Amino acid sequence: MRDLVKQLKSEKHTAEFDALRIKLASPEEVRSWSYGEVKKPETINYRTFKPEREGLFCAKIFGPIKDYECLCGKYKRLKHRGVICEKCGVEVTLAKVRRERMGHIELASPVAHIWYLKSLPSRIGLLLDVTLRDIERILYFEAYVVVDPGMTDLEPRQLLSEEAYLDALEEYGDDFTALMGAEAIQRLLRDIDVEAEVEALRTELQTTTSETKTKKLTKRLKVLSAFLESGNKPEWMILTVLPVLPPDLRPLVPLDGGRFATSDLNDLYRRVINRNNRLKRLLDLNAPDIIVRNEKRMLQEAVDALLDNGRRGRAILGSNRRQLKSLADMIKGKSGRFRQNLLGKRVDYSGRSVIVVGPTLKLHQAGLPKKMALELFKPFIFSKLQLRGLATTVKAAKKLVENEGPEVWDILEEVIREHPILLNRAPTLHRLGIQAFEPVLVEGKAIQLHPLVCTAYNADFDGDQMAVHVPLTLEAQLEARSLMMSTNNVLHPANGEPIIVPSQDVVLGLYYITRDRVNAKGEGMRFADAQEVVRAYENDQVDLHARITVRIKEGILNEAGEIEESDRLVNTAAGRILLWQIVPKGLPFALVDQPMTKKAVTKLLDFCYRNLGLKTTVIFADKLMYMGFHYATHSGVSIGINDLVVPDQKEAIISRAEDEVREIEKQYASGLVTHGERRNKVIDIWSRTNDQVAKAMMEKIAVEKVKDAEGKEVAQSSFNSIYMMSDSGARGSAAQTRQLAGMRGLMARPDGTIIETPITANFREGLNVLQYFISTHGARKGLADTALKTANSGYLTRRLVDVAQDLVVTEHDCGTEASIEMMPHIEGGDVVEPLRERVLGRILAEPVMDPKSRKELLAKDTFLDERRVDILEEHSIDRVRVRSAITCEARYGICSMCYGRDLARGHVVNVGEAIGVVAAQSIGEPGTQLTMRTFHIGGAASRATAANNIGVKSTGKIKLRNLKTVEQAQGNLVAVSRSGELVVQDLQGSEREHYKVPYGATISVRDGDSVKAGQIVAQWDPHTHPIITEVAGTLRFVDLVDGVTMNRQTDELTGLSSIVITSTKQRSASGKELRPMVKLVDKNDDDLFLPGGKVPAHYFLPEGTFLTKEDGTTVNIGDVLARIPQETSKTRDITGGLPRVADLFEARRPKDAAILAEISGVVSFGKDTKDKGRLIITAPDGTTHEELIPKWRHVSVFEGETVEKGEVIADGPRDPHDILRLLGVNALANYIVNEVQEVYRLQGVKINDKHIEVIVRQMLRKVKITQPGDTDLLQNEQVERTRVREENEKIIKKDGTVAKVEPILLGITKASLATESFISAASFQETTRVLTAASVAGKRDDLRGLKENVIVGRLIPAGTGFSYHQQRRAVAGKSVEEKEIEEKRVTASEAEQALSEALKSSAPQEAKAAQKDE
């Protein structure tokens, strides 16, 4: 009995496993899998359609074709289970074994596996230390290789050509062995003593000094130690036995008309078997060497094609001239096994249809067509019908459902009640692309969708389709209801703002009823309460827009979270009172006492969610929607051609601009301005004109003059339909209105350059032919761009998801002390992102102190919600240290304290949340909104850079930060550092403005001074760079020879003479060696030193410098000794939009990157080479660092200046790798976060910083070993952080030296491929390469990430699956004995079930036998 239970259990359960390992298969292993050798290339008999014996479909090897029936028909039915037929040799069993039984082919000659040969770096090549070309020559029989030199003077592994081999034979006879082909390689591989080689390499590595050699040795050592650790043997990379795939995985399907469709693999296998058999025959016949050799080569090529067709030589083509699909093609690429069948499957119980709007639905409902529902819920209906006794069998139930009788519809209603369905719209760019709803049955064939979830789906009703899925199990329904219901997804996971917000018609309706109008009917009436207003409005006594006075009841939340009610009188518009009727208690009236634009409605809902909770918000959102639709219909707002009012001043403005352009053309003709300047000026003029026309138009459309009650004329906001639509945020924008009624303005060509002649007409007036074609010219490019953008954006999302997919919240607190500092993001005089937005929802890493009383305001580990962020703002604190994903020390995944708030839920993130994927989706989803083009800087932008002063915008106090200054005799300060900032704080002490202060700027205020708005606090000359002295003394010239290194020039206007340093190219041979400079000396002619160091005050003068002082002059601190003219930096293209984001995440090194200072110290210039300048930085302790910089690079530092480590010394885009190396992880994170946000901010997309931080954390997973210490790690090897930590912990226990590491930055593609999990990497990109590397190393995949678990078909270890896996691991940890005891116990019900199943499936006598046994 127990055995019976065990057998039935075992048939049901799949094997439990915790990890997957991939290894090379030895020939013995291949034979052990096999059920027999395939000897013939035949497939099936063309007459009987039965498989040929010993052929590719042989039933004897692979199993029967029909269940429990042998091929010749002698044994049929279940009772013969397990019998092997003596006539045809087929085992009687299930036919599905033909999916799992393998065969094999014994190869007559060994064959190299193409992956280990050709997949770079070639593993066979590395092991033998022979180049790939040479190995190919041996394999394809073009050269001999010496396998055993014996006593001769040949080298082992030396290649011999045919002639050389014959010569050697003559010379040495049989003293040596040389072979060719795979046998030779196999023999060489077999002779390698892996252990000895590893030892030898390790010793050699310690002695060698050359960089290239170390690299080469490390490569070999890696592969060899992989073989050593994994237990793979090198000779297994050469195949002697070829496994044959089970036949049902390479089927042969009869088509109508007697033809067959077959898998390409059968062709490839046939080819191998044919050649193998021919080779066997030739060997038996002792055929001539050259024929055998040719056959062996052909066999090698056939096996290559089977494993990876097209990897070497020409691909083998099928009958229809297309490449045959080999085994490698089966698994790689978009239509390979991984991406097509394992990561994405088609599912049952699903359907799709067009969507239409469902304005009467509640937020949690979706309208499901009856026809669809009937089909989707069929099994549920069948079981209900049988349960009710309306049908006795499934067949009867089916008939009832097909007839669609009334009882079926009643049961359908019952079945779908509270059974959620999932709706999905492709493309599913983020998790809100699939949400759950309760179905409501509707007539017709279209799915009805609630308008408020359109934003999340990015759906509109112009023919979009959506798919419906039915969650079947109870758990699935539970999760759908509690986690995926649309009512539970009110906030956007990317930024934590509401996403269930009204848009378009609803906004227009709400905006319309909350506007007020002068002199409307009922103006000035007074009402006792809101009900009276409603009655008055319904009886036409008061207009929607009339200003009235009403007594309202207002409930406000107090500190304790209770609602306190109070009465007050308000003067407001009647429509706002109608809206107030539906506003839940607890919201202040001020939120609706304004025209309700989209922004205002969003704010209202956000406030409601944060203060009154989810349920109230959802009900309120629905009410808002019904009201908005109602009054939008009522308002009668529509669009007519007369709504587009062209301003009267337009003609005048345009003719003025045309005059200006003519003037500039004249200047250009007379040579006063260059071509580039003319172009930029013209474009500037037209941009300005366009703005002026637009302004005139908006003034005309936005305001209308009306008479008030006294008959006076007053201005009020206009009721123009177009203005109302764009002002409310329902549809359209100022830019679009400008094209309709202003002027269309400048257009771009397809390459992005701007056409100088603008379109002066607008759409109201109509375009002429030329204008029409100008506008279509750039427009077509826009359409082409959109298509490209979608693909690019999708690929970026895929890479992001792949790199972050295994990042899950694994613990509550990792206990780290590390943190990052947050401050407001300020550029110049504008706060781009205030501190509150940056720290909201984070956890404090250090207590926050009150700057005035030094008392603790907030303790460490406080969760910063809205209320606590308000405290920070009240005390104007502008720097806090918070926990961050980058500094989290959780071993796998991340901890909830470091992550902070789950943006989509509003509380601290739960353990098990898949934050990696959420981050990837949040960054990828708005990708399609980003632009694709690179910007050319020109016109206004390029001239704005030449600023020459700092004027503060707000009144406050000055703080000088990191600013090194010297004081001049007149009392002004002069900046002598370049990374300094000037900060303006407001009266509360919050930072409002940040300004960079360039070297040599004169600063007219001191630290702590008060300034007024508009005051100029610093000035400098943007076109020259001054050399400023920091010490007082006497000036001495060095190497300044008149006529050689310098010339005197006299200014004709002023008569003043100045000294100019000549260019090195113009000097005579003797002058080339001279290095012109000035130095400062004291009274005794001894060198003076710069303050705080041993660096003499020498100032090297580059070519073109103007000297303003003469030799021997006395100078004071802060005096300008010389001026170096600055050419304004060339306009270069700025990569923007999507390509910029991709560059940042791929951590690409920019072209001509900025050169950063490697150490802190004083700058001096050494001897130049031919085309490079030499820059030397001397640290305070005397160590120096030299940097050779190409002459054409613009060096932004000067002799004698002090630079900090990581400061820019030659301009250019900064390289993230340099930032990481010199300034550390936090600076890098800050850089990437700000740069990515910059791109999204331009498009008005909000993404929380923490999502970008999560991706950066994944890019920093790996470290480089700088000193291996006593660990087994190799120098310069890239290893996961966690692995180094584990290795070091082991070493610490043994009191050894630990490995030292430095962080490295990997781009997202590299990081995905370098992940610990080979399954995840293989399913991402470069499948062959990943699998080759993994199999050689005998890699083990612990299935930690989400992707690996999806691929092996398990619950993912995130969300609800997280606890499931934890329990599984806990059970796995139990002792083996406990498990066995549990297995032995058979419950009564189990026994009964087992018995009944056994009786069902077998003949009566077997049941008798089972009873006897008992």
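Glycine residues also receive a Cβ, built from the backbone N, Cα and C atoms like all the rest.
Cβ contacts within 10 Å of Cys72 (Zn(2+) 1 binding site), excluding its own Cβ and spanning all protein chains shown: 14. Following the DSSP three-state reduction, the secondary structure of Cys72 (Zn(2+) 1 binding site) is coil. Under the heading Zn(2+) 1 binding site, Swiss-Prot lists Cys70, Cys72, Cys85, Cys88, citing sequence analysis as support.
Within its own chain, Asp462 (Mg(2+) binding site) has no residue 6 or more apart in sequence whose C-beta sits under 8 angstroms from its own. Positions annotated as Mg(2+) binding site by Swiss-Prot, on the basis of sequence analysis: Asp460, Asp462, Asp464.
Look at Swiss-Prot and you will find Cys814, Cys888, Cys895, Cys898 tagged as Zn(2+) 2 binding site, backed by sequence analysis. The C-beta environment of Cys888 (Zn(2+) 2 binding site), restricted to residues of the same chain at least 6 apart in sequence and closer than 8 Å, consists of Cys814, Thr816, Ile894, Cys895, Cys898, Tyr899, Arg1257.
According to Swiss-Prot, the region 'Disordered' annotation covers 1392-1414.
Here Swiss-Prot flags 1392-1403 as compositional bias 'Low complexity'.
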Measure from the Cα of Asp460 (Mg(2+) binding site) to the Cα of every one of the binding-site residues Cys70, Cys72, Cys85, Cys88, then give the nearest. Cys70
Whole-number Å distance separating the Cα atoms of Asp464 (Mg(2+) binding site) and Cys70 (Zn(2+) 1 binding site) is 53
For Cys898 (Zn(2+) 2 binding site), which DSSP three-state class applies? helix
Looking at the binding-site residues Cys70, Cys898, which one has the fewest other Cβ atoms within 10 Å of its own Cβ? Cys70
Close in space, distant in sequence - Cys88 (Zn(2+) 1 binding site), Cβ under 8 Å, 6 or more apart: Arg53, Ala59, Lys60, Cys70, Leu71, Cys72, Lys74
Which residue, of the binding-site residues Cys814, Cys895, has its CB surrounded by the fewest other CB atoms within 10 A? Cys814
If you count other C-beta atoms within 10 angstroms, which of the binding-site residues Asp460, Asp464 is the most crowded? Asp464
An 8 Å radius from the center of the Cys814, Cys888, Cys895, Cys898 Cβ atoms defines the neighbourhood of the Zn(2+) 2 site; name the other residues of that chain inside it, in order. Glu811, Asp813, Thr816, Arg883, Ala885, Thr887, Glu889, Ala890, Ile894, Ser896, Met897, Tyr899
What count of other C-beta atoms do you get within 10 angstroms of the C-beta of Cys85 (Zn(2+) 1 binding site), across all chains shown? 20
